[in-house]
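**Q** The structure under discussion is supplied below as structure tokens; questions concerning it will follow.
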């Protein structure tokens, strides 16, 4: 093995085909050049959280070292023709059958997800990379246990890839004794193996970038792009990336984020569910910023509506796509009335997005594509509506800052026992699926990823901390209230799924997240440790 590079996962023919000596050398370069900067930025996140807990609220940057809204002259570089029209995009994990179905779905773009819709066990990570290579080579196929064969159509969606966020490690690969960045691993493997394939097809590498909290984190991605393009002999600007604005802090730095990535930008996306989670997390210490039941927080909530409007204005001012958020509904079988109601919600949501000025939107299931497509085809006659700027004058940023942070105080009835129980059940069920290797899970007729579990557990933690009012107006959410309902719901789940170790582990992880005196930033690292420890019991690492 190369000096200082250690594979800590099982080494088989699949691993060897991805982690070649040349690829490992490239990954080592990425980690050694950028890993330290990443860790410094993660420390800045912790420092920022302390400031917020101490009363220093987020605001727009007054003295940023990159041009902001006050400079109207710059625009991001143009994107290739094949991604000018992104009116409907489908997202999903990187397993072989899902990749084929998504590429064949009729959507304009498929975002293959190594992040929230993926459990990054070693097999998923390696097989996912191979599936990307085969997809770009147009050779990917799959035969089910029943003998059904899946192959690509002649016309397929454009492929985007979402690597893991900056906060996640790849524990199966160590550089100089330390786990590599999950972001750099996912990105590095993909760009190394696919850049030439894409060039040969007159296409480009496209990415979605998650979970950023500042323009400095966008600057790091840009530096990674520039280095990688130089290393691999690609012209600067070949890589294009859409940033998910899914943290409250990033919403105050959208202009700066676009500026940092201006040669590589393919716009911004409203990552609505993680945005809600981020709002709860960042304002964990603020009783006046608690949110009601998860189901009651919608895109028409004033703080969410302000975020959407600012994103569209900022993107179009800078000449890039403003992408709408996820519709997580899935078809409801054997209940036509419920299914029709669910599909009508999707229709209205997509109509709202396109009328607001979005250039495209996300769906989680192929059945939603015609519904979303109809709304965008009806209300957006051109490839996009980037030329539409919602206001002819610059917005009042002082007022926007207030609206981004403003929520109505929680009152009796906003938090219900049904909503409380739902958070517990959904959180545990998602964690159990994740521990079993599935990051994208159908629960209660919605396709859920990690964001839903994050909202569920963070709401409960915050409600307990601030003794949120219950519907009777006399009692409040307490640890004792949680313990009672948690025991009832976990007992039901264990009775329905006896002798399930992963369910027992999921219940333990969920409870640990709730009873921790300090808010735990992300739930996936806790789960990841279980996964890695379980894997290491079955093999001896190859050094």
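Glycine is no exception: its Cβ is also placed from the backbone N, Cα and C atoms.
These numbers come from a predicted model, not from an experiment.
Relevant sequence annotations retrieved from Swiss-Prot are reproduced here:
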ACT_SITE  162  active site, proton acceptor
ACT_SITE  449  active site, proton donor
**Q** Just counting, how many other CB atoms are there within 10 A of the CB of residue 449 (active site, proton donor)?
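**A** Excluding its own Cβ, residue 449 (active site, proton donor) sees 25 Cβ atoms within 10 Å.
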**Q** Hey, how far is residue 449 (active site, proton donor) from residue 162 (active site, proton acceptor), Cα to Cα, in Å?
**A** 14
**Q** List every residue in the same chain as residue 162 (active site, proton acceptor), at least 6 positions away in sequence, whose Cβ is under 8 Å from its Cβ.
**A** 91, 111, 112, 113, 114, 115, 207, 208, 209, 210, 244
**Q** Please state whether DSSP places the residue listed as 'active site, proton acceptor' in a helix, a strand or coil.
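**A** The three-state answer is strand.
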**Q** Under a three-state reduction of DSSP output, how is residue 449 (active site, proton donor) classified: helix, strand, or coil?
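**A** Going by the DSSP assignment, residue 449 (active site, proton donor) belongs to neither helix nor strand, so it counts as coil.
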